[in-house]
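For reference, the structure discussed in these notes is given below.
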Ligand SMILES: Nc1ncnc2c1ncn2[C@@H]1O[C@H](COP(=O)(O)OP(=O)(O)OP(=O)(O)O)[C@@H](O)[C@H]1O
Ligand SMILES: [Mg+2]
């Protein structure tokens, strides 16, 4: 056997597959463990033989970026090995995602919880952006939650680097509901701001408990967006009518965010509005967002270990999950209407004393290391 | 050191390139020698297996085969680095694709030997893989049809092996990018004449390209190589820059890189390579030659192992099921256990 094959066989032996836990578009995911330590892991098995162009781009991107990005809020890739025609990624085992938690009606979010999840998302994202990586598919379903409450950005199958300024990129990225207007208008030169828009949509969804901008088609997505945030003017967003796929979808006034997000603090709404600025260059960066007063005002973000968990987190997860591009059961009232806000105002089931304990949870550490600080 | 945008430097130091693909010159030589020695020993054995009559008793037996030396292997790899550049010209691939494919080819031969895998095929696969990892994918059909005597499967057959040899570490930090950063930095220096600058930059980039024919990227950081190339184009400018950073000491390293580029940064002599390639035909590993006895024997051995593994799995499941319900309701377990394509 070649040295390379031998090394691969050694790697393969380190990891034991236990049980199938899920299936994505191009992969089957198993729960497993490390042979020597028993540490729980996930094995994502990607079938490669089926692609006529060989190793497919999603797998390549996922491996390429996860190999380099080591951060508390980014899913850890422990190992990669191949088996016949499959590529196996050995990942940190994460038993829930934010979508599951948002949809679990039995739990109520405290403002401090939302702050904590948002902070962890932004920290992972800031690290990606600092490494010149765009994620391009942020949505609650791709924000996984570890058993210790840490949030991890996952699914780098659409990621790419953007070190080359002015390089043309595809606008067919990001699940529709989280896709910024510049992509809907077909912009081919975009940057980190696209991910920030998605974060804004996720932030809103955490407060509303239903997707904020659920468009039914690409054009409807624009309409839904403008209905919620007002149709952009030339002054708001210079040049947007010149973008390749520009269409006029109607003139909507800009309603105050306060009308929908009745329970949010002024700081929260200010940060939200900065994530959802139309002009991409004016949209807040992940770094600046982390330094926004929202994160320094009370309440302090909940300690991740004390964040609410979904009951279904312990049971095996459903194999089919609602795709962001489809209408989710149509249960809740359409966003953009005031009724949606009631979900956010529901009282948490947890006892008062627990809520109080959680409220004094240790403040998250926002200090950036010296390297992060240097210009 | 800090030639790149300051914020990138610590990131580079966390990269797989920094951690896994930098060597001292001695370590490089040692790696290549031991790979070469292991290959020679293995191939000798395979030659014996490939012949009904022990080769040692025949003229032309493995005892008489003149195997390639590590230096000769390297010479052949170097020839194919040049071929990558030619192909990139043909396809109009970007500098990024070209540099990445070259890095892949070099890294591949720190894990494999030319006598097992001929660089022509590996080069084609490395280049195709690089188009994907740098996010410039093209269809395999198109790619193969534009390269003489090449089918899609020639490219694809080695893709897994190449990816594995790279440790699935696809991200590469390049000197030409570092040069760009250095470039932006230099323009902020006082008393710089912009007119001479563009000429200097062009020469520096030529030197970067020459450096790709050497081991520089396996020994030095992209910023060090970039500074060396700048220095080859204009030593004054390089010195001025180093002074402005208060790091004149870097110029000593730069000196070594310059010598490396000057000594090794040219295409190998065709005649010398031709002779090596001719000998390679006689000493390549028969296990890697489809159809040969050794190849078939190896395949049969692999299949037997796989079969044994599969039937053991099936057996385990059967035993477990007979023993009651050891997996509880974990339906997926049975599926997983019987999943024989892994
Ligand atoms: N690290 C992990 N730990 C535990 N379970 C996981 C992990 N990663 C994925 N899963 C489970 O496997 C399922 C499939 O994951 P995968 O990332 O392949 O696809 P997906 O995100 O659900 O869908 P898509 O491929 O369309 O994005 C997930 O829905 C989840 O239930
Ligand atoms: Mg996903």
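The chain as shown is numbered from 1 upward.
Cβ coordinates are placed from backbone N, Cα and C, and glycine is handled just like the others.
The feature domain 'Protein kinase' is assigned by TrEMBL to A:15-295.
TrEMBL lists A:21, A:22, A:23, A:24, A:25, A:26, A:27, A:28, A:29, A:44, A:45 with the feature ATP binding site. Residue density at residue A:45 (ATP binding site): 22 other Cβ atoms are found within 10 A of its Cβ, drawing on all protein chains shown.
Counting every protein chain shown, 22 other Cβ atoms lie within 10 Å of the Cβ of residue A:137 (active site, proton acceptor). Secondary structure from DSSP puts residue A:137 (active site, proton acceptor) in coil. For A:137, the entry in TrEMBL reads active site, proton acceptor.
Residues or ranges marked as region 'Disordered' by TrEMBL: A:301-354.
Per TrEMBL, the feature compositional bias 'Low complexity' maps to A:328-344.
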Binding-site residues in contact range of chain B, given that the Cβ distance is under 8 Å, out of A:21, A:25, A:45: A:21, A:45
Listed recorded positions with Cβ under 6 Å from ligand 1, out of A:21, A:27, A:29, A:45, A:137: A:21, A:27, A:29
Confidence summary (mean pLDDT) of the domain 'Protein kinase' (A:15-295): 94
Any further residue of that chain within 8 Å (Cβ to the Cβ centroid of A:21, A:22, A:23, A:24, A:25, A:26, A:27, A:28, A:29, A:44, A:45) of the recorded ATP site: A:46
DSSP-derived structure type at residue A:25 (ATP binding site), helix or strand or else coil: coil
Where the record names A:21, A:22, A:23, A:24, A:25, A:26, A:27, A:28, A:29, A:44, A:45 as binding ATP, the maximum Cα to Cα distance in Å: 14
